[in-house]
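> What follows is a structure written as structure tokens; I'll ask about it next.
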Number of protein chains: 6
Amino acid sequence: MNSPLTHFDEAGNAAMVDVSAKDETVRIATARGYIAMKPETLALIRDGGMEKGDVLGVARLAGIMAAKKTPDLIPLCHPLMLSKVAVDFTIDEAGSRVEIEATVKLKGRTGVEMEALTAVSVAALTIYDMCKAVDKGMVIGGVHLAYKEGGKSGTYLGPAA
Amino acid sequence: MNSPLTHFDEAGNAAMVDVSAKDETVRIATARGYIAMKPETLALIRDGGMEKGDVLGVARLAGIMAAKKTPDLIPLCHPLMLSKVAVDFTIDEAGSRVEIEATVKLKGRTGVEMEALTAVSVAALTIYDMCKAVDKGMVIGGVHLAYKEGGKSGTYLGPAA
Amino acid sequence: MNSPLTHFDEAGNAAMVDVSAKDETVRIATARGYIAMKPETLALIRDGGMEKGDVLGVARLAGIMAAKKTPDLIPLCHPLMLSKVAVDFTIDEAGSRVEIEATVKLKGRTGVEMEALTAVSVAALTIYDMCKAVDKGMVIGGVHLAYKEGGKSGTYLGPAA
Amino acid sequence: MNSPLTHFDEAGNAAMVDVSAKDETVRIATARGYIAMKPETLALIRDGGMEKGDVLGVARLAGIMAAKKTPDLIPLCHPLMLSKVAVDFTIDEAGSRVEIEATVKLKGRTGVEMEALTAVSVAALTIYDMCKAVDKGMVIGGVHLAYKEGGKSGTYLGPAA
Amino acid sequence: MNSPLTHFDEAGNAAMVDVSAKDETVRIATARGYIAMKPETLALIRDGGMEKGDVLGVARLAGIMAAKKTPDLIPLCHPLMLSKVAVDFTIDEAGSRVEIEATVKLKGRTGVEMEALTAVSVAALTIYDMCKAVDKGMVIGGVHLAYKEGGKSGTYLGPAA
Amino acid sequence: MNSPLTHFDEAGNAAMVDVSAKDETVRIATARGYIAMKPETLALIRDGGMEKGDVLGVARLAGIMAAKKTPDLIPLCHPLMLSKVAVDFTIDEAGSRVEIEATVKLKGRTGVEMEALTAVSVAALTIYDMCKAVDKGMVIGGVHLAYKEGGKSGTYLGPAA
């Protein structure tokens, strides 16, 4: 019996699976996550803007660029010609965290959920890097697939989490 | 007044900060995180091993290689000559998750916490990629700095989290 | 009102714009530029050839390879499957400079002017690197889009510059 | 007789020259250049800021990240552990252009002028990319080494250009 | 007369050749090679598996990831969206060597033989790296194209070698 | 008992081994290999030079640049600041092959044999790519470590092969 994990062949060897027979369709994926921090750190990010340093602007670019590097980072991901990447942030004062959402779009033969999850993760890591001088205790969490559309497996709607 | 965020200059412009005057000392950082999943997915990973597909072996390599790419991913990180990278996993049956720990070591002029956090994040993303055919609802969380040693700021011990 | 700069959304946030609805057409772009230097430096390049060192051969390859790296360098560029890259040089004795021209071709959904401009720039930088031991005062200039064809915006013909 | 171009051996073959015997000293390089454009385009950049899109913030990051990629781009450059990279812009209304200055610092065995020149070039290319929807006629020019310090060859002061 | 070597133009200058007019067809290439070593080294690899260290698992991943980097390594290769990569090993006790086979598949405009040959070479280099502490005398050989299908030039069947 | 393969820990998990306690010494490695081909193909390479296309000039640069990418290609290799890379070719008419030799030098904490072997392999792959239009049957072989100096393990002299 084969592994239900599609990245392994019948002998259990890792392989980049064949997608050449799949249709070229429009595929979209949205991933979400957050980075939790001290309220003072959140205030620095919120008040920063252009004058004191635009943490979220740097993190947004890092996330977008990371989406393009996904096949370099995730061993069995296919190289893809992404047609859109967007990364957005919401400041959650009550939860003392920055919420991160990334959406990736492609006209191609395989899904882009890994690209969206990678964009969220690297945006969060970049916020950590920018703020670690004042807050080493930040925690990245809740990184999950929120939405996926296109391709054979149809639409997926993740938990509201 | 300058920003307390060291990656910005007095005008609020992002810059890679000057570390040329820092001492070359041995620096160590350990980061931790987890990926939560369905118990059936965890069982597949645990029972996989060589026969059905070694998910954690692939994720470990991805994490190690990602640590080396950190300056490519995080815009203001310095390029560093890492002298050690290790990534380890613990299967937490009760929590239905894989716990991930990465330790990075360097003899150099700046800390390696971003490298350790990046290794954990990319190892988690790779587990997601390897298992997403059976479980799209996995969640990456608890990614934090657990330990840091060396350099001017001394030893940091994160929460047990 | 939206920004006329298409790489920003209505809130002014950078994003990689959606090209998934664009047609796959043949697109061509030609960029030009030069690097000015002392006449003695130009003579070394001209007389070099195989015997003393082929500066332009190295610069040509660097330009071609850089065109492939454009989406890694320019944050909001789409990854593209270039179908042709050529870089050519003309020695301008009167102007004491090397003129550089790069042409890039693609069958795809977005233009390749950034790839052509990047090829010219990196070819020029490589000439600087190869000759800087004898001439640190070289100046790279006149880097511009000379020609663009294909896609919705039609043909563009730049200044003769 | 050997080529005066140090990147070639006595047979005219390209090689990455041996720097292992050089001292580890602090080395600094500053490069400058500009991108000329229509006054309306310059106004868009100047007035953009956070609301309409921060062109210079994106270009600054692209320049910093490109400095780190220099050994990937310039065939015979040594891999280096840069200890500082900064990119700054001045809006020149009279000349209708953005002036770009990059400074790179290193404690190491070889100079960083190529890293500074690469940062200026890629920052300029990124401005082109961000504004090309409204102005395809922009021209990148005046890219030169302004200042260099450290190492055997001592201090170099370029033209005011 | 033109060079029969297609990567040069009529003046002998290297260029990435134009493939934009080629059909998008399914293309497959298989490459093979081996790494010869001492029988004791081969025994370590064979008996390793999960307990003592999975040399071939690491080498397989390295080969797959290298196939994706081919256009970064081989100057005039086109960037391609590979749709499948697999790397397999056979332990040849009699010959005291590990035989390596890589198969790459693509729906695209140009062949993937370089990707398959690169995967074999980097898998072999990785075995060397993993075992060099006990055997510096290993030799990589017999790296050749075994099979090629698709595109204008039709099917190629290499020597059994 | 630990694995004699140093890239695995006591549990058989791959890791990048700790070199932070090693001395910074000058280390040199030379690797050799060849690519065998039809005599007509060898003649094309030999007669090419500048006029018809400089195959070996392209392959030399590819080999030098690949040495710099070794830590990206070989999963457990340390990032290193190479201080010299040279790649040379000898045309062996009798054997109908091009012999390739790469020498890499470093002042650092770990050896550079993988960098030298990678340079030879990628130079050979590039020759294959440049000549495959006329000769698909070329075979890369004899890739081995010829010489190694520096570090705790002292000087190694490989077979004349």
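Cβ coordinates are placed from backbone N, Cα and C, and glycine is handled just like the others.
Not my notes, these are from TrEMBL:
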ACT_SITE  A:Asp129  active site
BINDING   A:Leu76, A:Cys77, A:His78, A:Met114, A:Glu115  substrate binding site
DOMAIN    A:16-151  domain 'Molybdopterin cofactor biosynthesis C (MoaC)'
> Summarise the domain 'Molybdopterin cofactor biosynthesis C (MoaC)' (A:16-151) by DSSP state, stating how many residues are helix, strand and coil.
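Split into helix, strand and coil, the domain 'Molybdopterin cofactor biosynthesis C (MoaC)' (A:16-151) gives 52 helix, 45 strand, 39 coil.
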> For A:Cys77 (substrate binding site), write down the residues of its own chain that are at least 6 apart in sequence and whose Cβ falls under 8 Å from its Cβ; none is a fine answer.
A:Met16, A:Thr70, A:Pro71, A:Met114
> How many Å separate the Cα atoms of the residue listed as 'active site' and A:Leu76 (substrate binding site)?
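Between the alpha carbons of the residue listed as 'active site' and A:Leu76 (substrate binding site) there are 27 Å.
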> Specify the count of other C-beta atoms within 10 Å of the C-beta of A:Glu115 (substrate binding site).
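Around A:Glu115 (substrate binding site), other Cβ atoms within 10 Å: 26.
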> Counting across all protein chains present, how many other Cβ atoms fall within 10 Å of the Cβ of A:Asp129 (active site)?
24
> At its widest, how many Å does the recorded substrate site span between Cα atoms of A:Leu76, A:Cys77, A:His78, A:Met114, A:Glu115?
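Binding-site diameter by Cα atoms for substrate: 13 Å.
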> Which Cβ among the binding-site residues (A:Leu76, A:Met114) has the fewest C-beta neighbours inside 10 Å?
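Comparing Cβ neighbour counts within 10 Å for the binding-site residues A:Leu76, A:Met114 gives A:Leu76.
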> So which of these recorded positions, A:Leu76, A:Cys77, A:His78, A:Glu115, A:Asp129, get their C-beta under 8 angstroms from chain C?
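Near chain C: none of A:Leu76, A:Cys77, A:His78, A:Glu115, A:Asp129.
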> Binding-site residues A:Leu76, A:His78, A:Glu115: which sit with Cβ under 8 Å of a chain B Cβ?
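Listed in sequence order, the binding-site residues near chain B are A:Leu76.
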> With an 8 Å cut-off on Cβ-Cβ distance and a minimum sequence separation of at least 6, pull the same-chain contacts of A:His78 (substrate binding site), or say none.
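Set apart from A:His78 (substrate binding site) by at least 6 residues yet with Cβ under 8 Å, we have A:Met16, A:Val19, A:Pro71, A:Arg109, A:Thr110.
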> Determine the mean pLDDT over the domain 'Molybdopterin cofactor biosynthesis C (MoaC)' (A:16-151), rounding to the nearest whole number.
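Summing pLDDT over the domain 'Molybdopterin cofactor biosynthesis C (MoaC)' (A:16-151) and dividing by its length gives 94.
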> Which of the recorded positions A:Leu76, A:His78, A:Met114, A:Glu115, A:Asp129 have a Cβ less than 8 Å from any Cβ in chain E?
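Cβ contacts with chain E under 8 Å: A:Leu76, A:His78.
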